[in-house]
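Novice: Marked as domain 'tr-type G' by Swiss-Prot: 10-214. As annotated by Swiss-Prot, region 'G1' applies to 19-26. If you look up Swiss-Prot, you'll see 19-26, 81-85, 136-139 marked as GTP binding site. Taken from Swiss-Prot, the feature Mg(2+) binding site applies to THR26, supported by sequence analysis. Sequence annotations record features per position, and here Swiss-Prot assigns region 'G2' to 60-64. Annotation comment: Swiss-Prot describes 81-84 as region 'G3'. Here Swiss-Prot flags 136-139 as region 'G4'.
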Amino acid sequence: MARAKFERKKPHVNIGTIGHVDHGKTTLTAAITMALAARGGATGRKYDEIDSAPEEKARGITINAAHVEYETENRHYAHVDCPGHADYVKNMITGAAQMDGAILVVSGADGPMPQTTEHVLLAKQVGVPAIVVFLNKADQVDDPELLELVELEVRDILDKYGFASDEVQILSGSALLALEALVENPNIKPGDSEWVDKIYNLMATVDEHIPTPKREMDKPFLLAVEDVFSITGRGTVATGRVERGTLKVNETVEIIGLRDTKTTTVTAIEMFQKTLDETIAGDNVGILLRGVQKKDIERGMVIAKPGTILPHTLFEGQVYVLTAEEGGRKSGFFKGYQPQFYVRTTDVTGKILDFSYIKQRNPSELSTMHSNPMVCPGDYVNMKIQLITPIAIEKGMRFAIREGGRTVGAGMVLEILES
């Protein structure tokens, strides 16, 4: 069956749900798709359709299982919801780099929890530009003053991590009650249910308060590979978000990082099971590659315009080391420390060869007097980093440092140190 063409009629925005486990991220995602489906702007997706990842689909290109698409009157959205917690933080570092904005879901009944803070911090680190807050489970809160207290707590967290809280819109509702009303009557009209109306109100707020991003269309094409599928009779497909530039079918690209660079031709491009002649920055797409085996390409590589980015292992980075309160280490570390470096969609072990202080949290501590200086939680430092595997990196790129399931630091590449 021939695939329909994707028609670009509205601006495309990538959005995601973030927040503490069990505060209702996936329920809210389901409620949004079903509410917009009632107005013809989406295919309704029930909770279990979002929460269970369909395995590779032999018939077509499946973009990462947690992506759903929907439309409001003004925009086309791709929505990412990553339910599992351990993967969530990992996906936030790789996936949040793809968000143009986020809906922070906080249970009005429970208030902010440790992961609420962690996700706000991560959103800031990876450059999510705007947040709208949804206080969920409002039906379980009898006293409106309690919701106001939760709102104040959330604003404090947003302020602490550099989101101007007085500009952030905070709405309340019940994703579950909205979803139940929509399951009972999929053709519900605005005005029929206060809970469904609160979902419409949320999306109107997202339309207005999460700015349409300025895409880097004039830069050379680059896509970080998120997933790879092999489609019988068609070849190998790499999926991911176009970080910058544009790409047309039949153009030549390079596959860079983790192993030797390979050159190939693009034979097809698809988005949400529709074909494209050209993909542009911001799209979540699948790219069919000529003559590439599934074993030749993996998550963490990049597909780019030939000659525009190179793989490297040695660079200098500027890093903020998280405190224990921010979810980081309790103790400091020395030269020779070997954590994981998360860059785009990949994580690679690296060694900290050297460092110099930019700003210390407690400069009077013995750390500087010691013959073997130590990096302490809360410090800002410049680091010289050696990765064990070459990956596509460039000046100005952000990365996260993780160890044993926790984020240790957040940084930016200052300089590539080898040819």
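Just so it is clear, glycine is given a Cβ too, placed from its N, Cα and C backbone atoms.
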Novice: Counting each residue once, how many in the region 'G1' (19-26) are helix, strand and coil under DSSP?
Specialist: 2 helix, 0 strand, 6 coil
Novice: To see if you understand the setup: which same-chain residues, six or more apart in sequence, place their Cβ under 8 Å from that of ALA138 (GTP binding site)?
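Specialist: Set apart from ALA138 (GTP binding site) by at least 6 residues yet with Cβ under 8 Å, we have GLY108, LEU147, SER172, GLY173, SER174.
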Novice: If we skip the immediate neighbours and take only residues 6+ beyond the ends of the region 'G4' (136-139), which ones have a Cβ under 8 Å from one of its Cβ atoms?
Specialist: 23-24, 27-28, 105-110, 147, 172-177, 195
Novice: Just name the most isolated of the binding-site residues GLY19, ASP22, LYS25, THR26, going by other Cβ atoms within 10 Å of its Cβ.
Specialist: ASP22
Novice: Please work out the helix, strand and coil residue numbers for the region 'G4' (136-139) from the DSSP assignment.
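Specialist: Counting residues by DSSP class gives 2 helix, 1 strand, 1 coil.
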